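Enquirer: Features from TrEMBL:
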type: DOMAIN; residues: 6-141; note: domain 'Glycosyltransferase 2-like'
Amino acid sequence: MSRRLSVVMIAKDAADLLPDCLASVAWADEIVLLDSGSSDDTSGIASRAGAKVFSHTDWQGYGIQRQIAQRYASGDYILMIDTDERVTPELAEQLRQTLAAPQPGAVYSIARRNYFLGRFMRHSGWYPDRVTRLYERERYQYNDNRVHESLDAPQAQTIALSGDLLHLTCRDFASFQRKQLNYATAWAQERHQRGKKTSLPGIFAHTLGAFAKTLLLRGGVLDGKQGWLLAVVNAQYTFNKYTELWALNHGYSEKG
């Protein structure tokens, strides 16, 4: 007997992204959307598409928000996706086959194809970019991380699914940069609160390392001009993370 699937997502001001996202998972038994305080028609679009819509505006980070969203789901399995992601037909078929005879206790990873400035990247550490998104609702949930949250299932067997999850990571560069800066700030705050420290040499070592890792070790050069640009963007993001942490360490930032 096939297990029931709940597609779960958190969202804020995603009216432009939602229609295609929802259409790609319309076959699921249930869609749950937790709105984080949208000022656009995010909730209305989701509701009209048949999703169960809830609201939670006391933002405590991505991990906890995903935990709250999961509590509203009723399916046997959770597929956690974002509004800028789309389930391809190949992945949908693989998910249906998996749910027909799942491995008890296992979690399932999915390959993401990330879009960056006009190109779905094939290298640069952005493909296959496997993320663990399919899991048993009553057994697992996301951790408490404010950013870069992940499924808390360290002992679980991970099974790789075929089929890609399309991720519209960077359609608009200005919006992407704002999101990256917010991620960097939240990352630094979290590390600072845990007592982590960095130094000026550490800032530059991590920054240069991020550039080299993206371009050379992860094959960014094979992604053409977007690969070079992404290497710079990753270096910038890393610089922002560690500089903000350094500023918090020394009392030069008010966000600590």
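Even glycines carry a Cβ here, placed using N, Cα and C.
Because TrEMBL annotations are produced automatically, they should be read as predictions rather than curated entries.
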Enquirer: Within the domain 'Glycosyltransferase 2-like' (6-141) only, compute the mean pLDDT.
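Expert: Residues in the domain 'Glycosyltransferase 2-like' (6-141) carry a mean pLDDT of 98 in this prediction.
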Enquirer: Sort the residues of the domain 'Glycosyltransferase 2-like' (6-141) into helix, strand and coil with DSSP and give the three counts.
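Expert: Counting residues by DSSP class gives 36 helix, 42 strand, 58 coil.
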